[in-house]
Each structure stands twice: as C-alpha cells, then as structure tokens.
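Undergrad: Feature list, courtesy of TrEMBL:
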BINDING   B:Arg58, B:Thr59, B:Arg108, B:His136, B:Gln139, B:Gly264, B:Pro265  carbamoyl phosphate binding site
BINDING   B:Lys86, B:Arg169, B:Arg223  L-aspartate binding site
DOMAIN    B:6-149  domain 'Aspartate/ornithine carbamoyltransferase carbamoyl-P binding'
DOMAIN    B:155-301  domain 'Aspartate/ornithine carbamoyltransferase Asp/Orn-binding'
Amino acid sequence: MKILVINGHLIDPKNNIDGQSDLLIDQGRVAAVGTGLNADDAEIIDAAGLLVTPGLIDIHVHLRDPGLEYKEDIISGTRAAAAGGVTSLACMPNTKPVIDSAPIVEYIINKARRHGSANVYPVAAISQAMKGDVLSEMGELKAAGCVAFSDDGVPVVSGELMRRAFEYADTFGAPIISHAEDLSLVGEGCMNEGEVATELGLKGIPWVAEDAATARDIMLAEFTNSRLHVAHVSTRGSVELIRQAKARGVKVTCEATPHHFTLTDEAVRGYNTNAKMNPPLRRQADVDAVRVGLADGTIDAIATDHAPHHYDEKNVEFAVALNGIVGLETLLPLTMNLVRDGIISRQQAIALMTCQPAAIIGIDRGSLEVGAAADITLIDPELEWTLVANELKSKSKNTPFGGWTMRGAAIRTLLAGRTVYQR
Amino acid sequence: MNFNPKHILGIKDLSAAEIHFILDSAASFKEINSRQIKKVPTLRGKTIVNLFFEASTRTRTSFEIAGKRLSADTINISASSSSVVKGETLEDTAKNIEAMHPDIIVMRHSASGACDYLAQRLKCSVINAGDGTHEHPSQALLDVFTIRQHKEKIEGLTVTIAGDVTHSRVVRSNIYCLTKLGAKVRVAGPRTMLPPGLEKLGCEVYTDLREAIRDVDCIMMLRIQRERQGKTLIPSLREYARFYGLNPENIKLAKPDVIVLHPGPMNRGVEISSQVADGPHNVILDQVENGVAVRMALLYLVSGGEPLQQN
C-alpha cells in the first residue's frame, strides 16, 4: 500500500528540509522524498497549502491508564493526540498503580499498539511507588521499553536518592526527568506567589521553589556526569540556570509547555480552576524568559503536560481543585502563535515538536528520511477555529482556552502510513 | 441614589458612593438597637441561612441578631453538623439549602473565592462573611463605620493596619474600603507576614511598627491567628509582642486622639496589651455594636430595600 503526498511544503528540521516536496510512503515507511515523485499505484494525498511535517512528539503526557480511566485512557488520550497532530508521546508514571514494574510498562505498550492512535513511550518512576525511598527496577523497566525515569508531580526530596537515580539510570542509558520543585517552599501554595495571589487571598508558590530544585538537579547531573531533562520549565531563573549549565557542558535538556509561554497568573482571576496547574502560571517576566529560552535554544522541546481531570475535580473551591490542564489538542496552534509573534521560525517550531524531543527520550522518530516510519502530520498553520471544550477528543475538558480563537490545526495525521485523524 | 446589590462578595467591587450608602443605611438601623423593643418588621417572611464552614462566634452572632431584629427567620448551619464531613461538595450543600428557598445565604468558608463560587451557582443572594484570606466585607464596613463615628470623616485620615497580614481576610477589605473613601493606609508587620505585592492594593508597607504608627489617626491591630500559624513565620509570641505588639509606650507615637481597633478575638499581651485594649483610645466594643447595624443594612439592601427614611 503506497501513499503519495503531493504539493505540500515539507519541513523536516533534522534533515534541514524546508520547501516544496513530495513524499512517498510504502508499507508504513518513507520510501522517497523529492519533487515530481510518481507512483501509479499509490493513493494520492493532495497537501496543497499545507505543511508536511514529521508526526509531532509530546514527551510529557498523563494518559491516566491504568487506574484513572475516568479521566483519560490510552485510547482516548492517543485519539486526542492524533487530533492534535501528535503521533508519539511519552506518558508519565503517576498512574494507579505507578509505572514502576515491567508488566505495567508492557501493558501500556501493548494496549497502545493494539488500540491506540499514537506511539506511546512510557516514562517509569524513579522510586518505587513514587515514594522517594527506594529506586525502581530501572534495568528491567528499561528492558521492557520505558524511555526515561521521573517521579513527575512528586519531586524526589532526598538529594542522596536523586544522586543514585542519576547514576543508576545512566547505567542503563536513560535520562532522569526532573519535576523541579522544593516542596517545603511550596507548602500549601496553590498559585504563583505575587500580587495576583495576594489580591485573591490565595497561598503563593514562589519562583524560588522551582529555581532551587532546578539548581540542585543540575548540580547532581553535573556531579554524576549523567543526563538530566527538566520538565515544564516555568521561571526566568530556571531558564537561566539551564542556559548556564549547558554553556559549561552539563548534559541537561528541558521542555516548556504552551500554557507557560502563553498565559500569566492573571488567568487565575475569578478563581478559575482551569488556570490551576503545577508549576503554576507565572509572571509576564517568566513568560518572556521562556520565550527567549525557546528562541535561543536553551529550551529543547515543547511538551504539553497534558493533565486530564474530571469535571468534578475542577468544579470545586480553587484551593482544593486538582492541578493541570489538557494540552494535546492545543499544542499546535499555541506553538504556531510563537512563529506569528516572531519568537521562533517555523522550522524551529517544528523541531521543538519533533526531532528535538525525540532525541531527548532517544526514540527513532521525528524525521522523514527514507526508511523512517511514516508518522506524518499535515498542518494548516493558519486555519482559524474556535476551541469548544466539550468538543475535545480527550475524555476531560479542563482547558483554560475554551472559547479562544485558535490559528493552526492538524488536517490529517498518519501513523506509520495509516490515517489516524482527519479534520 | 439607591443601591440594591444581589450579593455582597467583597469591597473591591463597591464604589465609594455605594460604601457611603451602606454606611448611611447602617446609621439609620443603629438607632433600632438601642430601643426598648429592638425589632422592626422590615424583613418579615424572609429566610436567612448563616452557613458557616469555619468557627466564628462574633460574626455569626452579629449576623443572626441583625436578621432577627429585622424579623427575618435566621437559621445557623455550621460545618461540623453539616454533610461536608460526609464528603458532599460545596455546590451540593449550597444547592440543597437553596432548594428550601432561603432569601439570603451568609457564608463563611476557609477557601478564598468560595463565596464567588457560590454566587455564580445560586439564585439567592450571597453575603460573604469571610472567605479564606480573601475578603471580609462586613468587617471592613463596620470598621469604617466606627472610624467615621469617631472621626466624622474618612477622607484625609491615616490608618495603620498591623500584624499577621498574610493570614488576614480583614486586611484586603479594609485597604479597599479605606482607600476608596480617601484615607491613606499603612500596613505593618514582619516581612514573613507581608505577602508580596501588597502595595499594589494601594497601601504603604512598613516592617517597623513604630514607624508605621507615627502620627496616624487610627490603628487597627490584627489578631495573631494561633490556629493558622505555621511554625516558620515568627519564632515566638514573646518576640512578636516585643516588636509588633501595641502597648502604652509605642502608642504615644501616634496622634494623641488616635483610636485603636481590633477585629477580635484579641490575644491580650500579644498583638495588643491590656492597657491599650482597655484604655481610652480603644473603640473595640463600638466595632462590635456597629457590626449589628452594618449587617442589618447589608441584609436589608440585598433584600431589595428602598432607601431608608431617617426618623
């Protein structure tokens, strides 16, 4: 079964391709790239006016499966991914039970293969049950198919355990993903500390809670000469710490979320629980710093921290609402806003969502050379649409962008040559 | 002018004219409280639910008396006897009460924003009797009413609010209320008790109590909330009293006719010494007395009452 994508504008940052080009798919793999391709027996996809890119890769997703399927599961979550143009994602281990044993890794991979609309790469826990006491069985977890280790959402408090985690994960060639947060500084905080929190009478989370933890983990990565990936960087200080660390050769990468480069803590006004997440929405200066970090290459990937929660978990008093928002279906338009704002180039935007995150978790995806899996997203970067929360493919509708006019959308998403979404 | 708000959620939403209107209405009601028969039929047939999710003696009693003196039926519900402990959501609790057709729900809740949340979901009126560390509008109104009683005006006064600002719901409401009426507000406390960005609310921020009260017209001492205190904000009550307690010595720095307010309950010997609490400058019991009148005015106005005739 051959598919020929014609008339599109191909962007493949890894291979430095950015121009009109056709693309031939054969048996789920890229068979040829170039102009004037012909294949008599191929299905033709006319991509006139569209960008043809590697399928997008989101390395920070909560699929909630196993155990929390009332929020999301592998089927609904990967369907949301496909609708957002995402063909590969890394899912976080704070499931029930926690992803801390090989059978759970295998369960996720198998269910995604059989029933999913995207490639799913589990991230396993650093510590058993994410309790911060004992290392998880990283060797076996890696052998079962996990791509990285993280106690996302529950930072490892002990410096000693984190040091050993770096060393042990490095033994098996996997990076540590840090949820950088000093919990003693967070306390009962539920939004960014600052004048908005003061006015609303809500307890604040100071930026130093993130900076101090980022600094510790950078120093531990440097000390152990191991790979660190910092999740959802949200502060000016963290961006600067990572920039400095990179300059002196520390093996550190990081990601930023669309909400942290789009919204400030002003969005919390009215006690909007869909503006409650962790890390919290910060000040304009932080948003600006994240944007600069994306532009100058300090930040390596855009990842959504897609965090579905049930209506009942958000329809409560602000202080008790759960943290997080869904993000898979707004990744693309919010990132294209950065291109329109002149922050990053179009090619940079695609790189931040394809080959660069692929490199962080070490997967063979995110580019379109001959022989690569035909994970492809056809993008209309300027298509205008209105976000209606209830129309999201995700089981959960917790988005602060309801009613927003979005620009940019996936028109068609192919997973190994198979169409998994069509607008 | 007439002013019949659906809800009273905070002072931030009120204009100076509306605040004056409430204070003037309260002045008319105050007289009722000194009559032999302290009851008027104004709200006969109305049902008021005092829904208190946090312990409160003063505010709840004040609202209850206010409602009863206006002949409304007042019902008190406290969280300990409610279904919250059984896991019911705030929305469900409130909607169940609403189904019994109360006219006004007066709510105290530990979560900032809880009254806004309720007002968006209920058809009846909601009066905020204190939400988390956000607002406590009736307290600010009775404070300002008391200041006006003693100083005749608010405009041009300098008022210092001192103490545990970070845990206080009274501070925000008072800053809004006083500055809207033309007073200058100073806020004072140790830096650990001063949340960032306070000055954006329109006040000056001090860390030295002596500097903060120099030449001021009014001092409002905030209660050290022992039950809310983490372990890290102050080392001891003893040290706090030494640097941030109001006493017969430091009060001399203020104007000779300074008045001292306290929202209560007081920690004698901590934020305020007994000599000051019982001394000639204190207007603390006036605050309590005026609280009833102010709350009568609020209940009356949200019930759609016409402007009162002075009698």
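Note: Cβ is positioned from N, Cα and C throughout, glycine not excepted.
A quick note: this is a predicted structure, and the numbers were derived from the prediction, not measured.
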Undergrad: Among the binding-site residues B:Arg58, B:Arg169, B:Arg223, B:Gly264, say which ones reach under 8 Å of chain A by Cβ distance, listed as they appear in sequence.
TA: B:Arg169
Undergrad: What average pLDDT does the predicted model assign to the domain 'Aspartate/ornithine carbamoyltransferase Asp/Orn-binding' (B:155-301)?
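TA: Here the mean pLDDT over the domain 'Aspartate/ornithine carbamoyltransferase Asp/Orn-binding' (B:155-301) amounts to 95.
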Undergrad: What is the number of other Cβ atoms found within 10 Å of the Cβ of B:His136 (carbamoyl phosphate binding site)?
TA: 28
Undergrad: What count of other C-beta atoms do you get within 10 angstroms of the C-beta of B:Arg169 (L-aspartate binding site), across all chains shown?
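TA: A 10 Å sphere around the Cβ of B:Arg169 (L-aspartate binding site) contains 24 other Cβ atoms.
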Undergrad: Per DSSP, how many helix, strand and coil residues does the domain 'Aspartate/ornithine carbamoyltransferase Asp/Orn-binding' (B:155-301) have?
TA: 57 helix, 24 strand, 66 coil
Undergrad: Mind tallying the domain 'Aspartate/ornithine carbamoyltransferase carbamoyl-P binding' (B:6-149) by DSSP state, helix then strand then coil?
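TA: Summed over the domain 'Aspartate/ornithine carbamoyltransferase carbamoyl-P binding' (B:6-149), the classes give 68 helix, 27 strand, 49 coil.
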Undergrad: Could you measure the widest C-alpha to C-alpha distance across B:Arg58, B:Thr59, B:Arg108, B:His136, B:Gln139, B:Gly264, B:Pro265, the residues recorded as binding carbamoyl phosphate, and give it to a whole number of angstrom?
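TA: Among the residues the record ties to carbamoyl phosphate, max Cα distance equals 16 Å.
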Undergrad: Which one is it: of the binding-site residues B:Arg58, B:Arg108, B:Arg223, which Cβ has the fewest other Cβ atoms within 10 Å in this structure?
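TA: If we count Cβ atoms within 10 Å for the binding-site residues B:Arg58, B:Arg108, B:Arg223, the smallest count is at B:Arg58.
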Undergrad: Do you know which of the binding-site residues B:Thr59, B:Gln139 has the most other C-beta atoms within 10 angstroms of its C-beta?
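TA: Checking each of B:Thr59, B:Gln139, the winner is B:Gln139.
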Undergrad: Which chain neighbours of the carbamoyl phosphate site, leaving out B:Arg58, B:Thr59, B:Arg108, B:His136, B:Gln139, B:Gly264, B:Pro265, have a Cβ atom within 8 Å of the mean position of the site's Cβ atoms?
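TA: The surrounding set, listed in chain order, is B:Ser56, B:Ser62, B:Ala129, B:Gly130, B:Val170, B:Pro263.
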Undergrad: Quick one: Cα separation, B:Thr59 (carbamoyl phosphate binding site) versus B:Arg169 (L-aspartate binding site), in Å?
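TA: Distance (Cα to Cα, whole Å): 13 Å.
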Undergrad: For the binding-site residues B:Gly264, B:Pro265, which one has the sparsest Cβ surroundings, going by other Cβ atoms within 10 Å?
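TA: The binding-site residues B:Gly264, B:Pro265 were compared, and B:Pro265 has the fewest Cβ atoms within 10 Å.
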Undergrad: Which of the binding-site residues listed here (B:Arg58, B:His136, B:Gly264) have a Cα atom within 10 Å of the Cα of B:Arg169 (L-aspartate binding site)?
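TA: So far as Cα distances go, the binding-site residues lying within 10 Å of B:Arg169 (L-aspartate binding site) are B:His136.
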Undergrad: Quick check for the class: what is the C-alpha distance, in angstrom and rounded, between B:His136 (carbamoyl phosphate binding site) and B:Arg223 (L-aspartate binding site)?
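TA: Roughly 14 Å, rounded to the nearest whole number.
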Undergrad: What's the CA-CA gap between B:Arg223 (L-aspartate binding site) and B:Arg108 (carbamoyl phosphate binding site) in angstrom, rounded?
TA: 18
